[in-house]
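Participant: Shown below is the structure under consideration.
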Amino acid sequence: MKNFAPSLALSLLLPTVQAQQTMWGQCGGAGWSGATDCVAGGVCSTQNAYYAQCLPGATTATTLSTTSKGTTTTTTSSTTSTGGGSSSTTTKTSTSAGPTVTGSPSGNPFSGYQQYANPYYSSEVHTLAIPSMTGALAVKASAVADVPSFVWLDVAAKVPTMGTYLENIRAKNKAGANPPVAGIFVVYDLPDRDCAALASNGEYAIADGGIAKYKAYIDAIRAQLLKYPDVHTILVIEPDSLANLITNINVAKCSGAKDAYLECINYALKQLNLPNVAMYIDAGHGGWLGWDANIGPAAEMYAKVYKDADAPAALRGLAVNVANYNAWTIDTCPSYTQGNKNCDEKRYIHALYPLLKAAGWDARFIMDTGRNGVQPTKQQAQGDWCNVIGTGFGIRPSSETGDDLLDAFVWVKPGAESDGTSDTTAARYDAHCGYTDALKPAPEAGQWFQAYFEQLLTNANPAF
């Protein structure tokens with residue numbers, strides 16, 4: 001969950017003056033001591049017990065009951081992603097009627113569109129990062145705020161904000177955005193989420209009705225997409241999920257979650273198969289599934305998922321390197337890749353593609369380059385995923401990739417949102433966040449990590 005500290009500027013305001021939070025900024029939540037009123041035109045909308053946000057044109061707030069969820073006993077060298085959570089919502093599952101499409105994908109969904117630079121991440125940069133920076137670095141930070149990055153729907157309480165973003169995109173396009181803007185979101189709320197790690201355990205438990213709750217979460221996303229059929233929207237589906245079923249099935253939580261993961265993702269792919277949508281399922285990275293022992297079973301599994309969902313036309317392919325650090329291409333595989341011949345993402349997708357095609361799926365790919373600007377990295381092992389030292393912002397989002405298999409470079413992981421806490425006493429502490437190649441001290445997953453932002457900015461390649 002996100003837990004922001006107020007800026008120094010707010011703390012210095014005169015006591016007789018009521019501070020107002022900027023649009024998209026935080027205005028409440030557990031531990032929040034900053035402004036609770038929004039600027040004109042905004043309303044403070046509660047997203048969960050830990051976070052409330054100023055949203056334009058909002059009229060009501062969403063209130064949730066919350067309970068503590070999620071424990072695990074095993075850690076592995078897998079990737080993890082932003083947006084852990086501890087909220088749970090009891091809802092009734094209902095499937096909305098609406099159009100679906102079947103058949104083969106029809107071209108690169110990024111072509112002819114600009115990706116959405118979401119105001120939420122921009123507000124983090126402007127209200128959390130820049131106030132403690134000066135000079136040239138602050139100017140560069142302002143440029144980062146304009147880079148498109150995905151919005152993470154990592155708890156059900158955030159789904160209503162999807163409509164706010166889609167409305168914002170619609171307005172931009174009606175105002176003549178050229179090229180038109182595409183919405184970019186991450187669907188990330190599986191029950192028993194992140195089954196082989198601790199840092200990003202989610203809000204739903206399989207043992208507590210998690211499958212039904214997840215389906216209600218997907219129904220709510222579908223409803224938002226149906227309200228905005230004119231907004232082209234691209235989704236990354238469930239980071240750190242199916243890849244665990246290849247390499248970490250020996251972990252009790254993963255073996256116990258296998259059927260639920262497959263059922264839930266099947267439901268998501270079918271329900272979100274809409275004319276204005278393109279989807280990419282997360283497929284780990286080359287250092288995870290690129291090994292000879294893993295890549296064949298991975299191709300078979302992903303192709304089966306595609307076919308079991310009735311070959312949805314909106315399912316374009318796979319997302320790789322999400323929240324990770326791998327190079328797109330590197331001349332020599334570094335020592336920390338330990339002999340893995342598919343050590344970079346270009347090698348990985350070109351090895352995976354023919355296997356997928358032979359299994360019945362002519363898939364394409366996108367790659368997260370938000371934190372891969374420094375190559376080789378300072379990882380001790382390619383599976384080290386938590387707040388790795390020495391990293392930098394990487395290739396900017398673009399559909400100009402120079403590779404027929406790669407639809408786009410994207411920033412899925414918002415740079416400087418922590419991968420996980422380094423506090424060994426925390427309930428969600430994962431040993432990877434205490435490794436010598438992890439930057440410390442680090443806050444909880446999803447919380448703003450100022451030192452990490454400054455590292456990414458200083459080492460950005462290309463530079464800002």
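Along the chain as shown, residues are numbered 1 onward.
Just so it is clear, glycine is given a Cβ too, placed from its N, Cα and C backbone atoms.
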Participant: If you look at what Swiss-Prot says, which of Cys195, Cys264 makes a disulfide link with Cys254?
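Facilitator: According to Swiss-Prot, the disulfide partner of Cys254 among Cys195, Cys264 is Cys195.
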Participant: Just choose from Cys38, Cys264 the cysteine that Swiss-Prot connects to Cys54 via a disulfide.
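Facilitator: Of the listed candidates, Swiss-Prot names Cys38 as the partner.
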Participant: Among the recorded positions Cys27, Cys44, Asp194, Asp419, Cys433, whose Cα is within 10 A of the Cα of Cys38 (disulfide bond)?
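Facilitator: Cys27, Cys44, listed in sequence order.
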Participant: Cα within 10 Å of Asp240 (active site, proton donor): which of the recorded positions Cys27, Cys44, Cys54, Cys254, Asp419, Cys433 qualify?
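Facilitator: Of everything listed, nothing lies within 10 Å of Asp240 (active site, proton donor) (Cα to Cα).
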Participant: In the structure shown, which of the active-site residues Asp194, Asp240, Asp419 has the fewest other Cβ atoms within 10 Å?
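Facilitator: It is Asp240 that, of the active-site residues Asp194, Asp240, Asp419, has the fewest other Cβ atoms within 10 Å.
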Participant: How many Å separate the Cα atoms of Cys27 (disulfide bond) and Asp419 (active site, nucleophile)?
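Facilitator: Between the alpha carbons of Cys27 (disulfide bond) and Asp419 (active site, nucleophile) there are 23 Å.
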Participant: Fill in the CA-CA distance, Cys44 (disulfide bond) to Cys254 (disulfide bond), as an integer in Å.
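Facilitator: Counting only the Cα atoms, the answer is 38 Å.
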Participant: Could you check the disulfide-bonded residues Cys27, Cys38, Cys44, Cys54 and say which one's CB has the fewest neighbouring CB atoms inside 10 Å?
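Facilitator: Across Cys27, Cys38, Cys44, Cys54, these disulfide-bonded residues, the one with fewest Cβ atoms within 10 Å is Cys44.
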Participant: Looking only at C-alpha atoms, tell me how far Cys386 (disulfide bond) is from Asp194 (active site), rounded to the nearest Å.
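Facilitator: The Cα atom of Cys386 (disulfide bond) is 14 Å away from the Cα atom of Asp194 (active site).
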